[in-house]
Ligand SMILES: *Cc1c(COP(=O)(O)O)cnc(C)c1O
């Protein structure tokens, strides 16, 4: 047996992969051996374009010299020491930089290792904030239908993607789920009306229940894992205003949308929103190492500050929190945003792909193309006129993505939505190549499925 096949056999024997039916993996195994720029190479030597930024993380491509060097330099000092009751140099410097680049009111950085943890922390902080202030009736959370905030039990309790979450219902705490202003699937023609109805629904809930609501949690400007649903203009701003009016904390989850993904450093900048808490992860280290953070306002921080015996302390932490190697990577990553003017190039690239993606409209089964910055979802439907979906069991998104893999590009679907999330540094030429592959894969896959 050659070495590559040996790895494949071992992977089938011992691994259990996240969000993966292992029966599918056995049929189509994939082991990445190397990466360079926007290309990944598997153990057989086949090259793929990284069309999903290695699950929405990667920013500058793989093996970016500046980040590699920053990690090596940090390795020669120390790899990890704890943040419990102490700190380290890169974590301290990164905190200062994060406060600089996030909305003005956010002044405190609580580190963790993944987006879901950052969300758990935001939820527990919001909950304890009201207790510490003596408003212990405020315990509930409000989220949007189809919202996604990670996979730990707290995070799924404020999540609302049925296929991921239904099985765990008995395990979850209750939260209020409000309608999301979906542009593609609603009976009304005017999105402005839909938005206003959704805001009214929130206001009615707040008016009635604000005494028991701790916080509203929402993704920034676009629902990611819920299907790439872009929020109408003014919706997030409207929520911010309602939260202020009814004394409810606003948590914006920027795990997917942060670090330039939507064409602004953080998506809240599109509407000048200042959340009380903000979660960040994915792009923070350029896709290198597991660092996440929950940013808070000074108002939230102060509610926890006092003598130990007042029992206001936030008793929460993870072993690897504030890891030096990760923070060093994040610092090098942030330097590159300035040096390579990433945010402006993202805006140009977003315009470029918006135009190129138009050519997908001509395909018979492309129902909707949704985009914000370099976050794209292409929804495949059986019937474009009626928007009738393909039968669930056809797994059209899954097969389209497998076909893309054949053709030399990797991504992951969200149900019948094909996701396109290239690294921010992808060149115009590479972007065009990726879209060509995506179009070809969708065409071939849907033709086969649509034929009786
Ligand atoms: C990916 C994601 C998370 C979870 O982050 P992990 O690092 O995978 O735990 C949370 N919220 C949003 C919006 C995400 O896209």
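Residue numbering: from 1, along the chain as shown.
Each Cβ is built from the backbone N, Cα and C atoms, and glycine gets one as well.
In TrEMBL, annotation is done automatically, which means it is predicted and not curated.
Of the residues 42, 190, 253, TrEMBL puts just one in the pyridoxal 5'-phosphate site with 115, 116, 318, 319: 253. Sequence-distant contacts of residue 116 (pyridoxal 5'-phosphate binding site), defined as residues of its own chain at least six apart whose C-beta falls under 8 angstroms from its C-beta, comprise 149, 150, 151, 152, 155. Annotation: 115 are the binding-site residues among 115, 253, 318, 319 whose CA atoms are within 10 angstroms of the CA of residue 282 (substrate binding site). Residues from the binding-site residues list (115, 318, 319, 412) with a C-beta closer than 6 Å to any atom of ligand 1: 115. The Cβ neighbour count for residue 253 (pyridoxal 5'-phosphate binding site), using a 10 Å radius and every protein chain shown, is 32. Between the alpha carbons (Cα) of residue 319 (pyridoxal 5'-phosphate binding site) and residue 412 (substrate binding site) lies a span of roughly 30 Å. For residue 412 (substrate binding site), the nearest of the binding-site residues 115, 253, 318 in terms of C-alpha separation is 115.
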